[in-house]
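Copied over from TrEMBL, here are the features:
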| type | residues | note |
| --- | --- | --- |
| COMPBIAS | 1-17 | compositional bias 'Low complexity' |
| COMPBIAS | 26-45 | compositional bias 'Low complexity' |
| COMPBIAS | 66-107 | compositional bias 'Low complexity' |
| COMPBIAS | 119-128 | compositional bias 'Low complexity' |
| COMPBIAS | 135-157 | compositional bias 'Low complexity' |
| COMPBIAS | 175-191 | compositional bias 'Low complexity' |
| COMPBIAS | 199-208 | compositional bias 'Low complexity' |
| REGION | 1-208 | region 'Disordered' |
Amino acid sequence: MPDIQQQQQQQQQQQQQQKEKHNRKSSNSSSNNSNNSSSNNSNDSSSKRQRSSGSSKHTKHQTPTQQHQQQQQQQQQQQQQHQQQQQDQQQQQQQQQHQQQEQQQQQRVSTPLDVIYKQQQQQQQQQQQHHHHQQQQQRHQQQQQQQQQQQQQQQQQQHHHQQQQRNYNYNYRSAAAAATAAAAAAAAGEEAAAEGEEAAAAATEAAA
């Protein structure tokens, strides 16, 4: 009987050690993933800022309408960057929640139940706060998308107005050119008629 108890204790110890190794590996991998994602996201946001700052330099020799469209495009790029940052924050918060769950599993092995219960309550409160913050960010993103749609509609209306103005100018110039040509033709007709009358008068005098 003592041999069987010793074997059972050894098996339990081995299983416990394997669980601890697995938890350490998972926590390390999740922390590495969070670090990599945060560095990649920071690089993406910095490159987007460089593109937006570079595009703002080409505003010389533009009409007021083109400058207004350029400003609207820059605002849209800034809003997209802000949305990307918010999505990055949400991913980081989800990773933190995953790490907290793993820590809970590790603590259950050697922590008393009352302490675990308090920690779980605190973590649930934090998760609820994170969830509320995510909802606020989503509402803010929806508002930004609506603003972008409104700006796009304004740009389309401005483009349509510009097209109408160009068509009106073209029609006006065409009508003016046609009127000038008609006046020239009428003047040429009058000159030809006068020359015809003079020729007829000269022929009449010659016949007399």
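Any Cβ shown, glycine's included, is placed from N, Cα and C.
Note: TrEMBL annotation is automatic and uncurated.
Counting only same-chain residues 6+ beyond the ends of the compositional bias 'Low complexity' (135-157), those with a CB under 8 A from a CB of the stretch are 69, 72, 75-76, 79, 82-83, 86, 89-90.
For the compositional bias 'Low complexity' (135-157), the DSSP-based tally of helix, strand and coil residues reads 23 helix, 0 strand, 0 coil.
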